[in-house]
Each structure stands twice: as structure tokens, then as C-alpha cells.
Amino acid sequence: MEKFASVTALLLLLCFPVAFSGHDYGQALSKSLLFFEAQRSGVLPSSQRVTWRSHSGLNDGKSSGVNLVGGYYDAGDNVKFGLPMAFTVTMMAWSVIEYGNQLAANGELGHSIDAIKWGTDYFIKAHPEPNVLYGEVGDGNTDHYCWQRPEEMTTDRKAYMIDPSNPGSDLAGETAAAMAAASIVFRRSNPAYSRLLLTHAYQLFDFADKYRGKYDSSITVARKYYGSVSGYNDELLWAAAWLYQASNNQFYLDYLGRNGDSMGGTGWSMTEFGWDVKYAGVQTLVAKFLMQGKAGRHTPVFQKFQQKADFFMCSLLGKGSRNIQKTPGGLIFRQRWNNMQFVTSASFLTTVYSDYLTSSRSYLRCSAGNVAPSQLLSFAKSQVDYILGDNPRATSYMVGYGNNFPQRVHHRGSSIVSYKVDRSFVTCRGGYATWFSRKGSDPNLLTGAIVGGPDAYDNFADRRDNYEQTEPATYNNAPLLGVLARLSSGHSGYSQLLPVVPAPVVVRRPMPIRKPRVTSPVRASGPVAIVQKMTGSWVSKGRTYYRYSTTVINKSPRALKTLNLSIKNLYGPIWGLSRSGNSFGLPSWMHSLQSGKSLEFVYIHSTSPANVAVSSYTLA
């Protein structure tokens, strides 16, 4: 997908909907932080800005003889899951560590620190003994049976813990990472609190390393919702990396050097990063240590870590030996259920890695050749811009940002009238009948929430029951804090980049209004068939815009090695193809189109379908 910045951007602003204009990353940053306040459990402070929420979960932990009031609800339910909550705090802390100055310049450093402390205060309570950690309050099965506001939930609030007899190295390791990263955040503003967090981090790492096991084998109710597929080795390496960064203690650097090979840090070539799989994050951090000249005798091992970090970055750019799938609109795609979590976390890693490489005057080594660090930042920007509305649906996937965003979010608190407005009791099943099934917009705006997002073809259905696409999560938002702060900083040499759009045709005489064809006939040129269909339309400033989906099918018994398409009468942005001059070809991540397979690309303009034809092709 080619991009540009110049006078053409002005023409685009004048001729296309607002979703294609430049974005206010500072505003998006401010909104994204509000979402964490909407997810708070416990006694809300007087400074609470999301005023439709009230106190909740005030008896959490009481039946177990421990105070577990506080923390965050993970997504659209009322359960406090420890593993994704800890990852959320780690990523918020990493954002502040890397981009604290930029957050401060946007007036959001204080809110970011408050969001981190809301999580770490809870973790201190959840870690009452060195080898005991509470990892969940409530359970998904009973919680999902009900649709209630958190302020009056009647579901079971049992607390679940890990200990030496029931270990959970992944949970304890991630919580250690969160406490260690947060200790860096508070080092200057609250030294005593910073030391307390680091003490907990030391203890949690020792617990995780000494008593090894997967947490979902001990807290089995978590397995259905946050199962530890990757195991615990990645969290042990992750925690060691953060403890080294927080303490500068050589023990943790040696741990990475000794165990990098055996625990998979130098072996796994990753194409994802998130609350379960931490390897790409570890590889990025260790590469940073290497660039800082801290590797010492572990340099050969750390170089292998960096090679894997490079692999991850190259796969995102489509320049690796195994590239990550993208939608026709250019969004990286991993899975149907909450795909956006992988988008935001990958965008964060590419952002920091770009800055690491730039600072060390290095470049990215890909199988396709050396790549400038600026391309990583441009990639992150393209993903953020997609989230904020530069996509084939012209939809913002951040609630409350832009003019077209999800209105029926899969979220209990947002979808039910505020407890402060109407205290009439909402029963467990009555909530489904009265509120979940409503077709109307949510009564409470869940400002800043990043929802699950579109499918592999950029399609999205704004329905409350469509939890795969409309449910938000804290770990969707957390990595975005750093990226938005970085993009809004204004000190770097990049500019607003959007798909190339030809200058619009100026019609100087009245033209009859004709509704575009919904589907164009199948056109074939040799072994290549092309079919187009209109998949959506909307009106902006008196003009109707149409979204077209075009499928290219390889009908040959052999693979298509190259393909050049001619596209005439195109007056809007296009996604899903590479471009060279006036010719369009296979997307950069697709090296060939296999026999019987198809690819899809999409475009938007305000008239009938463009004229798409095959200019040339070669078969394997």
C-alpha cells in the first residue's frame, strides 16, 4: 500500500469523508486513558472522570480472609483476571518508561501513572505472602450467565490463588514483570513505593522460578478464558528482563544469557505478542540491552535474541521469510476474536524498536534486505490510523473518537443505564432480556475503548452480541498509550501518510444520478477471473460513497508468480494491492497466488465500480 504526504492530502480532505483526514493523536491518547477509569473495580476516587460508574466489588476477597478490593475488570464482563491485568500494567508502564516526556507534553502523564497505580495497588493486596498470589476474582462461567452492572452484580466472587502446591509461573512471572516495570515509573515521584514494588517483583520472580507450573492447571476456571497456551518460560524470561531493567542486577542479565536458548527466547520466531505469548517482547527488550552495550559475555546469545526480534519486525512489514497476514485494508490479522489486541501490541513493539535502532544508528535486517527504522514507525502509524478510521469502512474502532464508531459495545456497564441514574435492580437474566438485547446505542459512552475490530476482510458488525468484534479489553488499550504519545510528539520527521488518491474528476455539467451496480459481471483474462461487488455505502456532506470488494481468482492449475492489474476510473483510496506507477500487483506480503486461491482488495469512491483488468501475469 503506497502512502504519501503533500498537497494531495489536502485534496483528499476536501473530497472524502472525515475518516480519511489527519488524526488528533493527543485526543485519542486522552480518550484511551478514560477507558481504564471505566474498568476500575473497588472504591472509586473523587477524581474519577467516568462519572457513570460507581463503587463495585467491595467484598472481593472477604470470603478468603484477604482484601482484594480494587484492580480492573478485563473486558466487557465483571471478572478480575490476573494474567491479562498484569500484562496491561506492564504495557502501560513500558509506555511511560519510553514516552513519559511525550505523555507529559500531552498533559497525560499523571493520568497514566494513576492508571498504573490502580493496578499495582491491587497486586500488592493480591500478594500477601512471598509464595502466594491471588490470580482471579469471580469466574467466567457464572459471570457470563448474567448481564449486570458491576455495581450490583450477584455473581460468585470467589478468589483463586496460586501457591507452592498449586503453582503458576506464568501468572507470577507476568505480575513480577508488571511490578518491576512500574517500579521504574515511580522511582523519582514516589521512591518508597517504587522500592515496595521492586520487593514484590523480586519475591514473585523467585516464586515463579522455584515452583514451576502453568497457572491454569491450578486456577482451572481461567483456562477457558485466559488459558496459558505458551506455557511459562516466556514469562520467566520476560520477568527477568524487566527485573534487570529495574534493578541493574547482573543476576537477571545472567539469567537471560543462561536460559535464552533452553527457554525458547532465542529459538521461537514469533508473529504475535500479547497477554499469553511474551517472546517477541523479551526479544525486543534484550535487543535493547545489546544495543546499549550491556550484553558482555552474553553477546552471542543476545545477538540471537535480536535476530528473532528482527524476524518479528520484518514479518510485520512483509519483508520477512514468513509474513503476517493482513486484511485488504492493511490491518494485521491474527484471529477473529479480538484481533485488535495483536494490532496494538505489535504497533508498540515496532514503535520502540524503531527508536532503539535509530538511537543506535542501526537498521533492520530482513530477508528482503536492510530496512530503515523509519519504516517501522510508519507501519505503527498505519495501524493506528486504521484503528482511528482510515480503513475501508471509514469506521473508528476507538469508541468516542471520530464521527463513526461502535455504538453497541459488548460491555455490561456501558450497555445498562448508569446505577447513578436508575438504581432499579437489574437481575442476572433480566439484564439480557432488557439491556443486552436492545438494538439502540449504549446509554453510557465507553470513551476510548478499543473494540475487537474487523474480520480478515475488513468487515465489522456493530452488534452487542458480536463479542468477537465489539468487546473491548484493557490489554487492547495499554500498548496504544505509548504509540499515541510517540505519534503526537511532533519532534520526528514523518508526516501524515494516507493511501494515494488520484485527483478527483471535476464534472462541469449536471449528471444524472445513477445507483452503482451492486455486482459487476465476472471478467476473465486467461487464468485470472475478477469479480466486483458493492459491500457498503454511506453519505457524507451530501455525497454518497460506496465501498467495493474485488476478488481476483487464480483459475490456473499453476501458481500465479506475478500479476499486474490495470485499474481505470478509480477516484478514491484502495487497499490490498501493491502499486508501482499506474500498475497494481500482489500485496507485498503475498509472494504468489496459488492455484484455486483468491485475493481480495477494496476501494472507496462515489460512483460506479472502477474498470479492473489484467495487464500481465506470469505462472510458476
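From the backbone N, Cα and C atoms, a Cβ is placed for every residue, glycine too.
In TrEMBL, annotation is done automatically, which means it is predicted and not curated.
From a predicted model like this one, the values you see are computed outputs, not experimental measurements.
According to TrEMBL, the features are:
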{"type": "ACT_SITE", "residues": "H410", "note": "active site"}
{"type": "ACT_SITE", "residues": "D462", "note": "active site"}
{"type": "ACT_SITE", "residues": "E471", "note": "active site"}
{"type": "DOMAIN", "residues": "528-608", "note": "domain 'Carbohydrate binding'"}
{"type": "SIGNAL", "residues": "1-21", "note": "signal peptide"}
Inset, instruction - Would you mind ranking the active-site residues H410, D462, E471 by how many other Cβ atoms sit within 10 Å of each Cβ and giving me the lowest? - result: D462
Inset, instruction - Give me the Cα-Cα distance between D462 (active site) and H410 (active site), rounded to a whole Å. - result: 9
Inset, instruction - Calculate the distance in Å between the alpha carbons (Cα) of H410 (active site) and E471 (active site), and round it to a whole number. - result: 5
Legend entry - Confidence summary (mean pLDDT) of the domain 'Carbohydrate binding' (528-608): 81
